[in-house]
Every structure is written in structure tokens, then in C-alpha cells.
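The structure under discussion appears below in the form of C-alpha cells.
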Amino acid sequence: MAGKSDADFEKDRLRQSERTYAVLFSLSFAIVAQGAATKITTATIAGDFSLQALLLNAEMTASFLITAGLFYYQGDRFLDIMFAREPLGVVTPFNFGLNYAINVCQMIPFYLMAHGLSFENTSTVGFTWYFVAYTFLIVLGLMLLFIRRFANFMKRHKEPRPIATLGAFWVFMNSLLLLVVIVLWMAWRSWGHVACPTNGATTGSTVFLVTFGIMVLLRDILDFSTAWRVVYPTPRYTRFGRVMAWFSTVQAQDKAWRVGFIIFVAIIFMILSSGLWNLFDLRAVCKL
């Protein structure tokens, strides 16, 4: 368009990013907000107010809002830096379609997580469905990262160094986080003798949920602070921090992908062997 400077085009692009982010975020946020309002109203009418329940609900809700906001906005910014003006990535219909499809698929678990925080679900199985949905989020995210890695390998696309570094960091961080979460969940059930660590019905399950919420928030803080130099480049090119600098070499990236894949396979095995995949049994065991 005549009369528009480069700065004007950049502002328009960023505004579109903000609109996309706001719409996607609001869909899940509305469900969570409605659930919170119903919980407060029900507790007020019944006169059943528990500070412990309030704090636990607040922590789980905060973990959802921060994680959802981070994933939504990072996904949007990732497409911007890959394919918008002065793109970092290879701009082809296949490459854009693949990355866009990955972003869309990555948003699906947040809808499930939002419903997991609804009054109907938390009053029957505690935060079990929220925990399952978060596990699904990380598993799906890892699967999509591996698919993207394989597709780029088949197409012989050499990713730009910042993007390759970010992918290696994400796959290593998320696989390690989920491994720890699943191990803790299994340990709580076997060694802690807590039949359902996610319904909040006992002190043991409450401690697990608090620990889980803290781990989710710590993951988000690490992700945001580390990926900042790629996803939010201001100025455009900035030096990597210590963590990203370690993942910036080809050797380190290959190690991260290999270790991440091994951990991912172990996670799938543990999910299948522990019964975490069996939603019918989980509902029966975790019913309040």
C-alpha cells in the first residue's frame, strides 16, 4: 500500500498477532471464568468455604492462564518470525501449512484443560481431568515437534540457527518435565498409598497438586525467560542466554533430540503401564 513505511507494516502485523492471540485465549478463558464463578457462587450459597480449596483452585487456575497465554502467544509469534516480513524460515506452502497445522493442534488440549477446571468436573473428580489434559498437552506437543523435525529432514530444510536452537530446547525441557511429573504421580500412588493423587480429597493428593502446579509454573517461567531472545526479539537479533547458548551447537541439538526421544518413549511406556490412559478407571478411582 502506497504511503506505508516499513514501521507501519510491522505495527499492522503485530496488531494482527495481538488480535489472533486475544480471540484464541478468550475461548478457553471464558470456560475457566465461568467455572470459577460457579464454584464461588455454590460455595457462598452452601456456606462451605475452605481456604485450602480456594488456594488450590487459585493455583490451578493461575497455572492454566499463564500456560495458555504463553503457548498461544508464542505460537503466534513463532509463525511471525518464521514467515512474516524478513522471515527466518524457509517460506513454502508446505512448510507454512505444516507449522500452522502444528499450532492449531497444539491449541486443542487447552480447551480440554479449561473444561477440566469447570465446576462439574472438579466437583466429581477434583483436578484429575485437568492433570490428564495437561499431560496430553505436553505429549501432543512433543509428538508435533518430532513430526516437524522429521518433515524438515525429509524436505532437507536446514532450519535457521535460532529456530533449531529453540526446537531443541523445547523438546528437551518438555520431555524432562513430563517425565518428572509422571514419575511423581506414580510414586504418590505406590509409595504414598494415595489412590488418586489428583482429586484433592486427601492431604497427600493436595500436596501432589500443589507440587504439580508449582512445576507447571516453573516450566512456564523457564520457557518464557529462555525463549525470549528468539520469540520476542527486541532488537531483532540478540545474544542467546546461557541455556540457549548451550543448545545452539549442532552437536548439542542432536543430543537434545535423541535424549528427548528416549524420554518420550519412556513416558509413553509409563502412561500405558500405569493406567493413566484409562479414563474410565481414573474416573472410578478419583470420584469424590
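Backbone N, Cα and C define each Cβ position, glycine as well.
Unlike curated entries, TrEMBL annotations are predicted automatically.
Features of the protein shown, as given by TrEMBL:
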type	residues	note
TRANSMEM	21-37	transmembrane segment
TRANSMEM	49-73	transmembrane segment
TRANSMEM	94-114	transmembrane segment
TRANSMEM	126-147	transmembrane segment
TRANSMEM	168-188	transmembrane segment
TRANSMEM	200-218	transmembrane segment
TRANSMEM	259-280	transmembrane segment
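Using a Cβ-Cβ cut-off under 8 Å and counting only residues 6 or more beyond its ends in the same chain, the transmembrane segment (126-147) has close neighbours at 56, 60, 64, 67, 71, 102, 105-106, 108-110, 112-113, 115-117, 167, 170-171, 174-175, 177-178, 181-182, 185, 196, 198-201, 205, 209, 212, 216, 260-261, 264, 267-268, 271, 276, 279, 282-283, 286, 288. Under 8 Å from some Cβ of the transmembrane segment (168-188) lie the Cβ atoms of residues 131, 135, 138-139, 141-142, 145-146, 149, 194, 197-198, 204-205, 208, 211-212, 215, 219, 222-223, 226-227, 243-244, 247, 252-253, 256-257, 259-261, 263-264, 266-267, 270-271, 274, 276, all in the same chain and six or more residues away from its ends.
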